[in-house]
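Pulled from TrEMBL, these are the features on record:
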DOMAIN    1-241  domain 'Kinesin motor'
BINDING   G1, Q2, T3, G4, S5, G6, K7, T8  ATP binding site
REGION    286-306  region 'Disordered'
COMPBIAS  293-306  compositional bias 'Acidic residues'
Amino acid sequence: GQTGSGKTFTIQGDAKNPGLTPRIFEELFTILDSMDNFEVSLSCYMVELYLESLKDLLRPKKAAEVPLEIKKNAHGMVVVEGAHEIPIESLSQANKIFEFGLDNRKTASTNMNATSSRSHLVFSIVINSRNKQTGQRTVGKLSLVDLAGSERVSKTGADKERLKEALAINKSLSALGNVISALGDGKKKHVPYRDNKLTMLMEDSLGGNAKTLMFVNVSPASYNTDETNTSLTYAKRVKNIKNVAVKNTKSKQTDKMNAIIMELQGEITRLESKLEEGGVKFRRTNTNFNIGEGDEEEKEFDPDEE
């Protein structure tokens with residue numbers, strides 16, 4: 001949806017009207033409290049895409065900034081290499097981490113919105129669980145994505161910096177539209193995920209082993225009819241995408257074999273990246289495998305820690 005149509009409010013809400021994120025956090029921990037037969041660990045990372053550059057929004061204040069790379073792990077899950085992944089131990093901590101990341105997000109005033117989000121935001125929770133009786137493990141990821149607003153440059157009152165932002169935003173949203181169109185037509189052909197970092201970040205949410213819910217926000221004003229039509233066209237395309245999601249599971253008996261497969265899969269992924277950088281295009285079917293949760297001691301989130 002366009003700038004000012006309510007996307008960020010839908011995700012965040014306010015003190016009186018909680019948005020999706022605080023409601024999801026509360027529901028998630030309610031479910032976890034009822035899973036007595038499972039050991040569960042949560043961790044999260046949060047990044048923004050601004051002017052085609054990735055920024056780690058959970059980077060502690062004293063930590064050095066490092067380049068971030070978008071990759072896929074051995075079982076097809078998108079990861080951001082270099083981003084801080086923070087353990088989550090409680091509902092209050094989840095909210096604290098999310099608020100810390102939001103404080104670091106890029107916003108600016110335009111003619112369309114006094115506090116317009118000028119970046120795309122991705123907040124992902126990685127969930128590892130183990131059945132205490134069977135030993136079976138599952139791994140999943142819940143991603144919350146707040147896209148920057150699409151708009152006509154002429155309506156933003158854009159100065160030089162705002163113009164650069166608007167062009168970068170519209171370019172990435174155009175790439176997302178191309179991916180949605182390719183996924184929705186039902187034909188087996190190349191899906192241009194790698195045309196933009198936004199579509200690379202969202203690859204496993206759109207066409208992967210996932211269930212996806214997309215909210216489309218529109219303005220009630222006739223002044224914004226063109227933008228509303230564009231948003232509704234997006235919605236129509238998204239409805240054509242069909243995914244069949246299955247649980248990422250494994251048992252004790254397959255741990256050793258999966259470890260070998262993961263190592264080989266990682267090597268294949270690295271070689272694929274090199275081939276694609278060299279201009280070689282191909283298509284293959286990814287198979288998802290799982291990894292178990294680590295045994296590292298978790299600690300409270302401290303934004304001042306390196």
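Just so you know, glycine gets a Cβ as well, placed from its N, Cα and C.
TrEMBL labels come from automatic prediction, so no person has curated them.
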In the three-state DSSP scheme, T8 (ATP binding site) belongs to helix
Reading the DSSP string in three states, the entry for Q2 (ATP binding site) is strand
Cβ atoms other than its own within 10 Å of the Cβ of T3 (ATP binding site), all chains, total 24
In this predicted model, the domain 'Kinesin motor' (1-241) has a mean pLDDT of 89
Around the Cβ of T8 (ATP binding site), other Cβ atoms within 10 Å, all chains included, total 24
Neighbouring CB atoms within 10 angstroms of the CB of G6 (ATP binding site), all protein chains considered, total 15
